[in-house]
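Colleague: I'd like to ask you about the structure that follows.
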Amino acid sequence: MNQISLFEAKVANGNGEQTLSRDVYRLGRRFDFYRMLSFYFTTVGFYFSSMLTVLTVYVFLYGRLYMVMSGLEREILQSPSIHQSKALEEALASQSVFQLGLLLVLPMVMEIGLEKGFRSALGDFIIMQLQLASVFFTFQLGTKAHFFGRTILHGGSKYRATGRGFVVFHAKFGDNYRLYSRSHFVKGLELLMLLILYEVYGESYRSSKLYLFITFSMWFLVASWLFAPFIFNPSGFDWQKTVDDWADWKRWMGNRGGIGIPPDKSWESWWDEEHEHLKHTNIRGRVLEILLACRFFLYQYGIVYHLDISHHSKNLLVYGLSWVVMLTVLLVLKMVSMGRRRFGTDFQLMFRILKALLFLGFMSVMTVLFVVCGLTISDLFAATLAFLPTGWAILLLGQVSRPLLRRLGVWESVKELGRAYDYIMGVLLFMPIAILSWFPFVLEFQTRLLFNQAFSRGLQISMILAGRKDKNEEKKDPTRSRAPY
């Protein structure tokens, strides 16, 4: 799967560069309409459509977030003329059929039906679903959309070594995280938070079953983007390999970077390489990146006015106090980081005293908020959903403004913030894998699913052919030693 993803990323980058090229511009200016359609669908059209499919999910969920947080949805539902009408709900439910991908599956079923018969076409379709083909191609949709869109914004496509041959091996958790962190995991968690907010604060479809039909495809998209690399990973739920993967990932997160250290040995080297495209982008790419990062501020702006501690106040002062809390949390994290560097090795007692003082101060503030201001447990979870995207937006803005932050001397703080976010995302992704690895039947089911009879037969044939080739080479050159397989 990793080889296929690297190949898809390379081709998506190439199509993004073609979209920006002068040759495509000149051909588009000289073609007539029908030849232009043919040229579009045989070159960059597939990748552009894939990007639009993903963007449509973002537009729908952020539109729902705006309606829920602004109170517009409540006003619409309370209107007497709309309250008795179910036309909007029925329209959204009908379009959910197309979200499931049935419209895209129909041409394939028709083609197989015309060649082999519709009974065979239906059987092949069912077998493909049992083999998790929908999960695989949904995951590859995210690969195409991410790398094509990033090339459109910043350019700078590069060659990616995809490897050759019949490869079956267990990919470590760190390898999967480095490969899919920015392209799938971050986007999957963002869509997951949008769906959670839509479920918690939304009021429509509470009395009907249409919510499942409307958002099922989006939940499926989130699950595929977050867990497909681990489902298709051989021995991905083996307990011993899970323990080894966790130790390897923690070692990778803690290693310091530097000149000559590859990205698979240090998080810092990987982080610098992952955002290398921002070093060479132009002003247009930086401005668009800043505008896209500002979407994360919508979480904080909408949620803080729904907290119980705000007492339903719509004053702008509530939003300002939320920024005071956010900056205070970042300042405390910075103090802990500085204390670890200065007192962590030589002055263990000073570092422990500093942590104890910060803990006592935190408990005192929380006690005052609970007793005096009316803070609730639900507010804590809501504040987490509000401030985590805000911190990520600050991190994205810091990456775009890297030259300026280096001159100001705060770039190391931004890097530490990025390390903290990667650590949190790694823990959230690793917890379900660790839980499923406790149960042996999960590994057995995955092995049966991945290594079916046809796959095992192909593996045996490849080993036999490799052995025959090796014997023939030994007959030609008896002095040559046998290569290990």
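Placed from the backbone N, Cα and C atoms, the Cβ positions cover glycine too.
Below, the features straight out of TrEMBL:
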type	residues	note
DOMAIN	1-288	domain 'Glycosyl transferase 48'
TRANSMEM	39-61	transmembrane segment
TRANSMEM	210-232	transmembrane segment
TRANSMEM	316-336	transmembrane segment
TRANSMEM	357-377	transmembrane segment
TRANSMEM	383-400	transmembrane segment
TRANSMEM	421-443	transmembrane segment
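Set these features in their place in the structure for me.
Modeller: Restricting the average to the domain 'Glycosyl transferase 48' (1-288) gives a pLDDT of 83.
Counting only same-chain residues 6+ beyond the ends of the transmembrane segment (316-336), those with a CB under 8 A from a CB of the stretch are 300-301, 304-305, 310, 354-355, 358, 362, 383, 386-387, 390-391, 394, 413, 416-417, 420.
Long-range Cβ contacts of the transmembrane segment (357-377) within its own chain (Cβ-Cβ under 8 Å, at least 6 residues beyond either end) map to 308-309, 311, 332, 335-336.
Counting residues 6+ beyond its ends, the transmembrane segment (383-400) has Cβ neighbours under 8 Å at 186, 190, 193, 196-197, 275, 278, 286, 289-290, 293-297, 299-300, 302-304, 307, 322, 325-326, 329-330, 411, 414, 417-418, 421 in the same chain.
Only residues 6 or more beyond the boundaries of the transmembrane segment (421-443), in the same chain, are considered here, and those with a CB under 8 A from a CB of the stretch are 173, 177, 181, 185-186, 189, 226-227, 230, 235-239, 242, 246, 249, 253, 267, 271, 391-392, 395.
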